[in-house]
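Participant: One structure, as C-alpha cells, below. Some questions next.
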Amino acid sequence: MNIYAVGGAIRDELLGVPVQDRDYVVVGATPEQMIAQGFRPVGKDFPVFLHPDTHEEYALARTERKTAAGYHGFQFHYAPDVTLDEDLARRDLTINAMAREVSPDGTLIGPVIDPFDGQRDLRARVFRHVSDAFVEDPVRILRLARFAARFADFTVADDTLALMRRMVDAGEVDALVPERVWQELARGLMEAKPSRMFAVLRDCGALARILPEVDGLWGVPQRADYHPEVDTGVHVMMVVDYAAKQRYSLPVRFAALTHDLGKATTPDDVLPRHTGHEGRSVDLLKPLCERLRVPNECRDLALVVAREHGNLHRVMEMGAAALVRFFERTDALRKPARFAEMLQACEADARGRLGLEAQPYPQAERLRVALAAARSVDAGAIARATGSDSAKIKDAVHRARIEAVAHALEIGE
C-alpha cells in the first residue's frame, strides 16, 4: 500500500500559496484493508475513506469510463493493480494531475510525480487538459472557469478551449443539474477575479447555455456620460470584480452580477437609454433564481438591488419622507443587515465604471445615518401612547420616523 497527496495540494505548494486541504490516493489496497486499518468508508460511487485520526479523505486509486450523458454518467473501476499514473490520467487539468508520496507520519517525501507536465504548465500559466477524456465530464468546464477566477493570470490552452467548445456544441453542458451549476458559479464568484470565470465561459459558449441572461449583456450600449465603459457586459464584470476586491459576501456578489439584467432587453430604438430596466431585471431574475435553485439569501438581496439600485443612487435628492418610504419599501427597518449589503452592492455598481473606481459615494453614509435615525424611534412607546387603533399607530410611527430622519440629516420633510 502506497499513499500519495494529489491534485490541488501539490499545485498550490508549487505556486507558493497556502494549501487549504489535501486529497489522498491509496495505491495497492482493497476496501477491506482500509477498514482493517481503522479508516471509515464514506464514498457512495467509489471507495473513499476518512482517516481515523485526521478525518481527511483517502480514495482508492481508480479509473473511470463514460457510460451516459452528464456528469453522473460514469462507471468506476478500482482495484489494487490500478496505478498512480492511471489515477492521475482521469483528472481534468495537468496542473491538478501531480502527486507526492506520503510517509507513514504524514509528511510529503520524494519528488513531484508529474506524468503530464503539470509543472511546465504552471510555469507557463496555462490551463491544459490531461487527455481527450476531458470532454466526458461537463463539470470540468465550470471548474476550469472557476480556476480562471482564482488564478487570473492563467490562460486556456487553444486545444483545451476547442474541446470545451465541442462539449458545449454537443449539449453536454445542458445535462448539468442546477445545483451543480450554482455550486460552481458561487465558488467562482467568491474567487479574487470573478470576471475571468465569465470570460472563459463566454469564450467556449457555455455562458449562453447556463446564464443566457448574463451572456446577453455584452454588446448592449449604455450612455457614456454615466458609463464611460459603454458596454453593459463590461460594466457588470467591473462591478463584480469591485465587490470581490472589497471581499463582499456571496449575496452581494450575486446581486452585483444580476443588477442590470434588464438592460439586455431594452428595445433597440431607445438605446443607449435604459428607462425601466430595473423592473425588467426583476422579471428576468426571478426565473433565473428558480432555475438554478439559488439560495434565498442570495435571491432576496439580488431582487431588491435589481429593483431599487436606481432609486438608491438618487437618495441625495430625497427628503425625509421619501427616505422613510424607501426604508419601508426595502424592508430596511426590519432587516438592517440586508440593507447594509444592498448599500455595498450599489456602491460597487457606482464604482464599477471606467475611470470612476474611486469616486465618492456619499449616498451610503446618508442612508446609514438616516436609517439609524428611523430605527431609533420607539414604536412600542408610540403604540402605548396612541391607543388601540392600528391605523393611527402606524401613521404616528411613520411620522415620528420622518421627523427623526429630518432632524438627523438637518433637512426638510
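From the backbone N, Cα and C atoms, a Cβ is placed for every residue, glycine too.
What Swiss-Prot shows for this protein is this:
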type	residues	note
BINDING	G8, R11, R91, R143, R146	CTP binding site
BINDING	G8, R11, R91, R143, R146	ATP binding site
BINDING	D21, D23	Mg(2+) binding site
DOMAIN	232-333	domain 'HD'
Participant: Let me know the model's mean pLDDT on the domain 'HD' (232-333).
Facilitator: 96
Participant: Sorted by position, what residues of the same chain at least six away from R91 (CTP binding site) have a C-beta under 8 A from it?
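Facilitator: In sequence order, V6, G7, A97, V130 meet the Cβ cut-off.
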Participant: Validating a neighbour-count step here. Other CB atoms within 10 A of the CB of R143 (CTP binding site): how many?
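Facilitator: The answer is 18.
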Participant: Including all protein chains shown, what's the count of other C-beta atoms within 10 A of the C-beta of G8 (CTP binding site)?
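Facilitator: I count 17 other Cβ atoms within 10 Å of it.
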Participant: Could you measure between R11 (CTP binding site) and D23 (Mg(2+) binding site) for me? Cα positions, answer in whole angstrom.
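Facilitator: Cα-Cα, rounded: 12 Å.
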Participant: Quick one: what's DSSP say for R11 (CTP binding site), helix, strand or coil?
Facilitator: helix
Participant: When you tally the Cβ atoms that lie within 10 Å of each candidate's Cβ, which of the binding-site residues (D21, D23) has the highest tally?
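Facilitator: Max Cβ neighbours within 10 Å, all protein chains included: D23.
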Participant: Using DSSP and collapsing to three states, where does R91 (CTP binding site) fall: helix, strand or coil?
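Facilitator: It is coil.
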Participant: Cα within 10 Å of D23 (Mg(2+) binding site) is the criterion; apply it to the binding-site residues G8, R143, R146 and give the hits in sequence order.
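Facilitator: Near D23 (Mg(2+) binding site), where near means Cα within 10 Å, the binding-site residues are G8.
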Participant: Select the closest residue to D21 (Mg(2+) binding site) from the following binding-site residues, measuring between CA atoms: G8, R143, R146.
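Facilitator: For D21 (Mg(2+) binding site), the spatially nearest of the binding-site residues is G8.
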Participant: Could you give the number of helix, strand and coil residues in the domain 'HD' (232-333) as assigned by DSSP?
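Facilitator: Per-class counts: 77 helix, 0 strand, 25 coil.
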Participant: Helix, strand or coil at R143 (CTP binding site), per DSSP?
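Facilitator: The three-state answer is helix.
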